[in-house]
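Feature list (source: TrEMBL):
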type	residues	note
DOMAIN	A:2-99	domain 'FAD-binding FR-type'
BINDING	A:R50, A:P51, A:I52, A:S53, A:G74, A:T75	FAD binding site
BINDING	A:C215, A:C220, A:C223, A:C237	[2Fe-2S] cluster binding site
Amino acid sequence: MIKKERVRIQTKRKIAKDTIEMVLENKYISSIAIPGQFIHIYVDGHTLRRPISIANVDQDANTLTILFKQLGSGTEQLACSPEGTILDVLGPSGNGFQMDTGNSTILLIGGGIGVPPLYYLGKSLIEKGMKIISILGFQSSEYVFYEREFQELGENLIVTNDGSYGEKGFVTDVVHTIDHIDCYYSCGPIQMLQAVTQSLPTTRGYISLEERMGCGVGACFACVVPSKKESGYRKICKDGPVFNAEEVKL
Amino acid sequence: MDLSVEMPGLHLKNPIMPASGCFGFGREYSQFYDLSLLGAVIMKAATREERYGNPTPRVAETHAGMLNAIGLQNPGVENVITNEVPFLAKYNTSIIANIAGSTLEEYEFVARAFNDSPNVDALELNISCPNVKEGGIQFGTDPAMAARVTEVVKRASNLPVYVKLSPNISDIVSMAKAVESAGADGLSMINTLTGMQIHLPTGKPLLANSTGGLSGQAIKPIAIRMIYEVKQKVNIPIIGMGGISTAEDVLEFLLAGASAVAVGTANFQNPFICAELIEALPSTLNKYGFNSLQDTIGKGIAI
Ligand SMILES: Cc1cc2nc3c(=O)[nH]c(=O)nc-3n(C[C@H](O)[C@H](O)[C@H](O)COP(=O)(O)OP(=O)(O)OC[C@H]3O[C@@H](n4cnc5c(N)ncnc54)[C@H](O)[C@@H]3O)c2cc1C
Ligand SMILES: Cc1cc2nc3c(=O)[nH]c(=O)nc-3n(C[C@H](O)[C@H](O)[C@H](O)COP(=O)(O)O)c2cc1C
């Protein structure tokens, strides 16, 4: 259940260009959040809350980690909040990834700031005994983050648009080099998700979507995505942000 | 303190209600607090058939507000009556149905449909919709058309009708008088102001619909001014809205002439806002020397 919680910024660290990692302390959210869910953060002086994925959880320490890119005025201001600041947050929000069972081989495909939710997912899947392969795409070397963390989960490939680190190109340029996977999970820019779903048409897949949100709880119909199965739309904040790749039209 | 208000069809225990489109049909917010606390709930707009709304992005943030172009997405009036009204009816609160349409016939159909819904206490007639048969001019920007749709809905419905005025006009008083003469039982004001934002990275309007409705704190002074002007010229009660986020804001609306208020955008910032306003209102009224809600209504109007 979504609650309005006070979370304390425990640590803050710059992990790549314009990219901040924050460890937040909150017992309620850290005790129930599942991979793929997000928190909706109030930023002083801004009408709309900012949705940010839960990138990791440490239940013993009562903490959750978020990774975000400084983009506009809201995330800029958030990035300037000192350690110890109390944030007003709604969460955990959304439905999270439906996790595979059995001894599957799982491919995680992340693009830029879509990478964060895949880390918590990967960690949780490892605990369930699955094999993880990850492909992470970034603009250039200065934006790369969490490479070591993903390497600890399993085989990891980094691609950059300009080739300044890892392979040059897009994540979809290297997808075919992976032999066999049972299921994929992907999060990133919409163009990347379109390319990913097209290049893995017969593989079971789950994608996490971004859209500008209003209420973030499913009441205002701002963040919707056309549905493939039934007519009409699904709500990203409530029915998603994670959807079966078959379920929605990108 | 007595916060109750009597208006046509509405016996409200307090003057606070969530605004249409900002609270869905109440389900999502019922996880935060008991909806029985609310004076009333104004439901999301209902149209004859299900509507899918506009493409995304549908919202943009602005200074002290936001733009929205949801496009009246709703499951259609029959669905609202069978699936949504019964949920709200479990709570001890009044229910106001917001109705919309593209033609007079559609408004009439939707208004009539609610006659069969015993738990709905009043209609809020959203006239900020384009009239497709009249070249897409909004019903709410032409007094004659607004009066016409009010008459049609009044005739079709057995419920009190609160006409929700659009602020996108130069003479709000003429509009208010036109719908009062056409039989409106009350007014609801204001709806959003038309606006636009250009997205610098693309150089194009940010909203897929290009234009959207501005709501939130930025529009409060406009709402206050319009209610103040209208209150002096009409005899029907007003539900005021536009940028309310504190109990002081509520008092300002009451003093300007509103009998009750609706809270929209502020729910997005703080899902508990309506409950918190109800709790804070008595001490705020006291602070400014009022002993009841009734004492405040229209008291700000200089004679
Ligand atoms: C479910 C979900 C999870 C997300 N997880 C992360 C994450 O883990 N890390 C991260 O860096 N970013 C994430 N994002 C994107 C993040 O929400 C935006 O980058 C952020 O809201 C931008 O705010 P701003 O103040 O920097 O930009 P501004 O341009 O000032 O924002 C203006 C408005 O547009 C909205 N907005 C702008 N860009 C986006 C976007 N891409 N998606 C959604 N809303 C947007 C803002 O929320 C705000 O309402 C996520 C988005 C969603 C929907
Ligand atoms: C996302 C959103 C959706 C809305 N949908 C409707 C609607 O369906 N019908 C309607 O009459 N008004 C609708 N409105 C207008 C509000 O009910 C209200 O009149 C307006 O937002 C001003 O109040 P506020 O500043 O407190 O939000 C909507 C507003 C927003 C922000």
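Just so it is clear, glycine is given a Cβ too, placed from its N, Cα and C backbone atoms.
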>> Does any of A:R50, A:C220, A:C237 have a Cβ within less than 6 Å of an atom of ligand 2? These are the binding-site residues; tell me which, or none.
In response: A:C220
> Counting distance between Cα atoms, which of the binding-site residues A:C215, A:C220, A:C223, A:C237 is nearest A:I52 (FAD binding site)?
Replying inline: A:C237
> Quick one: DSSP breakdown of the domain 'FAD-binding FR-type' (A:2-99) into helix, strand and coil?
Replying inline: 14 helix, 47 strand, 37 coil
> Among A:R50, A:P51, A:S53, A:G74, A:C237, which binding-site residues lie by ligand 1, judged by Cβ under 6 Å to any atom?
Replying inline: A:R50, A:P51, A:S53, A:G74
> Using an 8 Å cut-off from the Cβ centroid of A:R50, A:P51, A:I52, A:S53, A:G74, A:T75, can you name the remaining same-chain residues around the FAD site, in sequence order?
Replying inline: A:F38, A:H40, A:I41, A:R49, A:I66, A:F68, A:L78
> Tell me, which binding-site residues from A:C220, A:C223, A:C237 are within 10 Å of A:P51 (FAD binding site) if we use the C-alpha atoms?
Replying inline: A:C237
> Are there binding-site residues in A:R50, A:P51, A:S53, A:T75, A:C215, A:C223 whose CB lies under 8 Å from a CB of chain B, and which ones?
Replying inline: A:C215, A:C223
> A:G74 (FAD binding site) has how many other Cβ neighbours within 10 Å of its own Cβ?
Replying inline: 21
> Of all the Cα pairs drawn from A:R50, A:P51, A:I52, A:S53, A:G74, A:T75, the residues the record ties to FAD, which distance is largest, in Å?
Replying inline: 15
> What's the CA-CA gap between A:C223 ([2Fe-2S] cluster binding site) and A:R50 (FAD binding site) in angstrom, rounded?
Replying inline: 13
> Counting all other Cβ atoms within 10 Å across every protein chain shown, which of the binding-site residues A:R50, A:C223 scores highest?
Replying inline: A:C223
> Counting across all protein chains shown, how many other Cβ atoms sit within 10 Å of the Cβ of A:P51 (FAD binding site)?
Replying inline: 23
> When a 10 Å sphere is centred on the Cβ of A:I52 (FAD binding site), how many other Cβ atoms does it contain?
Replying inline: 23
